[in-house]
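Peer 1: Quick one: the structure is below, questions incoming.
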Amino acid sequence: MLFLTLLMLVALCRSASAQTEDDRAREFLQRFDEQATQLMYNYSLASWAYNTDISQENSDKVSEQGAIWGDFYGKMSAESEGFKLDQIKDREIKLQLISLQDKGSGVLTEDKQAHLVKVMNEMSTIYSTATVCLPDDPFNCQTLEPGLEDVMFNSRDYYERLHVWEGWRQQVGKRMRPLYEDYVDLKNEAAKLNGFEDYGAYWRYNYETIEEEAPYHYTREELMQDVRKIYKQILPLYKELHAYVRAKLMEVYPGHIHPQGPLPAHLLGDMWGRFWTNLYPLSTPYPDRPDIDVTKTMVEQGWPEEQFFKEAEKFFMSVGLYKMFDNFWTNSMFTKPEDKRVVCHPTAWDMSNREDFRIKMCTKITMDDFLVVHHEMGHNQYQMAYRNLTYLLRDGANEGFHEAVGEIMSLSAATPAHLQSLGLLPPDFLYDKETEINFLLKQALAIVATLPFTYQLEEWRWQVFANNIPKDKWMKTWWDMKREMVGVVEPVPRDETYCDPPALFHVAGDYSFIRYFTRTIYQFQFQKALCDAAGHVGDLSTCDITNSTEAGTKLRNMLELGRSQSWTRALETISGHTRMDAQPLLDYFDKLHVWLQEENKKHGRTLGWNPSIDPFSNNGIKVRISLIAAMGDNAYPWNDNELFLFKANIAYAVRQYYLLKKNMNITLTSNDVQTYDETPRISFYIVVKNPAAANQFFPREDVEAAIRLYRGRINDAFQLSDSTLEFVGVPPTLAPPTEQPVEVWLVVFGVVMGIVVLAGVYLVISGIRERKNRAPSPFLKRQRPISRRSVQTF
């Protein structure tokens, strides 16, 4: 009896101990929530001030508030480690403690944290303030928005687009190169100190669940597997779209695109080739049908920017979601101010105090921005739905969910039926089969085209963080992957001084990017579920959930969960599934896929692309250098200094060739000589840009002629010969490279030797004649001519 009593007491003590651990953790998290809410609100205010008024003063305030937040979070994170996770029974408490025990970049030493903040601020400033001067007006220098984006949206001039595309990467990517290298190193170090293999694994952890049950358990390795699998699933549709777009671009830019080649990156509608929406006017299948891009109508009707936001709010309220708080309208930035430098990239802000939600956007009167407004307000709706949760649970189920919520609203807002209800399409608008194909193609240019772009970008970053791509191969690997996976090619050569990825806002801003891939899959799973709830009958592409409170209720139930449940459970709440599924997306575009197959087959278009084809290789000359063969153990190292000298010699040769042979005085420097496809065995290709012609190249034949004319000078500069410094395919020299001064003693010596040789020849001929006269030969002997081995140039 005594023994049983002791057992019961032990059991009760254990139960009380476990309960006490939950209670202690709950009290700790409540204390954290109160302080975190206020401190993050202070930081958000400082960050908002900087993003809407870029100045050193505001940058300093961000750093100051960031330091306060980092110090607080670091202390609370350290205190949270005192709780034993295996003794925590409440799932929400355990989720919060797991989140808080991740110190993020706060795990770095103070000096490294400070350096990382400095690096991030500098990259943000470069991105937001960089300008490129327009080719026809060197004094008209434009920032990205709206100036450069207007060129990329509207220009049909191949070289104007190229000038802006290349200029942006020189002014942003090149300047960020050393910063981005530091960023990668510091973020990787922080990730490893937090227990992850690298920073890519740290990002992917956002999708990992703590669930033990099989349907809800998910790992970051599964994310990589699922993304790669879905990429292969959508590839047939993408290849059909790619082939169709290539054919249309060939009509607009004749002579610049190969019918079996990748697409030049600067021709794809925006600065990055991320969304192809702006190619719709060039590629409309049935241009005689009424235009479903209502930009022109919006302008004609005089829509102000704020009306975009009012219409988006009406849409959300019609399905039973939230009216925007009054302070949204006073605190948000809807247009670009004329008297301040701002970060224009559209973003939705949760200021972290449960009552302040904003949008920052340099809105333009276009249909595209109309849809972007719905997307950004979708973020706000999600933030408002979970605002009553504790700080650590106020987030999306995963990062892709947050993006998907905005996108499902854009799907409904883009339908012709919805646009007609807003008076943007005429009452007699007819949605026939041809108009349907027009609509689906426009949607595909924004949705399907971006999936390979997104996957390739993030796969590159995953490999960079995993140290699978060395720093001296970043750009080569980036464009190799872009050619292979996306069918897009760099329009001009790149070298390792460039850093093209952070020329995109999300990369420079330290955002995981795979969210834009997963969101695209989720959004169609969400859309199908909501359209079923709304009782929609017909193709998924025609569904508009406006005024369906049934659909809104289903969505709100999922939004209110925030991060309190695993994303697999949240997905099940709305769709009945626990995994990503590409089938709803493929069903949405099924009619377009069939039409593209028929259209491409009818015109004999090639599907896919040859990644070795590019726009500049016709002008490229391959160079091979053999220092060891020339000098043996005395060979000097080939480095950046030698390459600079080589480029300078080529620039000199081309300048002199044009001056002497064409009577043209051109300005040309080593910066205009570009190299690509470098190998460690010292081989590379060169092209020479014409600085007076907006990124056009000097013809290969002119560069070849210049090299042949000054071949000796180039060889001498490197103590090499034609056989150890090869210009592959370039014939022998046109003329001696230089006229060497002749010494007097050499002249005298030559005269003397000439007399001796002539005398010898005279004596030999005289002897032969004498022998012939005495004994003539009975037959003539044929002598084989002596051949001289010539020096071959390659």
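The backbone N, Cα and C atoms fix where each Cβ goes, glycine too.
TrEMBL labels come from automatic prediction, so no person has curated them.
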Peer 1: Looking at TrEMBL, His375, His379 are annotated for Zn(2+) 2. Which of Glu355, Glu399, Glu403 sits in that same site?
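Peer 2: So the Zn(2+) 2 site in TrEMBL includes His375, His379 plus, from the candidates Glu355, Glu399, Glu403, Glu403.
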Peer 1: Do any residues at least six apart in sequence from Glu376 (active site, proton acceptor 2), in the same chain, have a Cβ closer than 8 Å to its Cβ, and if so which, in order?
Peer 2: Pro346, Thr347, Ala348, Ile359, Met361, Gly406
Peer 1: Between the Cα atoms of Cys531 (disulfide bond) and His375 (Zn(2+) 1 binding site), find the distance and write it as a whole number of Å.
Peer 2: 18
Peer 1: Just jot down the residues in the same chain as Cys543 (disulfide bond), at least 6 apart in sequence, with C-beta under 8 A of its C-beta; none if empty.
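Peer 2: In sequence order, Leu411, Ser412, Thr415, Gln527, Leu530, Cys531, Ala534, His536 meet the Cβ cut-off.
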Peer 1: Just how many other Cβ atoms lie inside 10 Å of the Cβ on Cys344 (disulfide bond)?
Peer 2: 21
Peer 1: Looking only at Cβ atoms, how many others are within 10 Å of the one on Cys362 (disulfide bond)?
Peer 2: 21
Peer 1: Ranking the recorded positions Cys141, Glu403, Arg515, Cys531 by other Cβ atoms within 10 Å, which is at the bottom?
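Peer 2: Counting other Cβ atoms within 10 Å of each of the recorded positions Cys141, Glu403, Arg515, Cys531, the minimum falls on Cys141.
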Peer 1: I want the residues beyond His375, His379, Glu403 whose C-beta is within 8 angstroms of the mean position of the Zn(2+) 1 site's C-beta atoms, in chain order.
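Peer 2: Surrounding the site, in chain order, are Ala348, Glu376, Gly378, His402, Ala404, Val405, Gly406, Glu407, Arg519.
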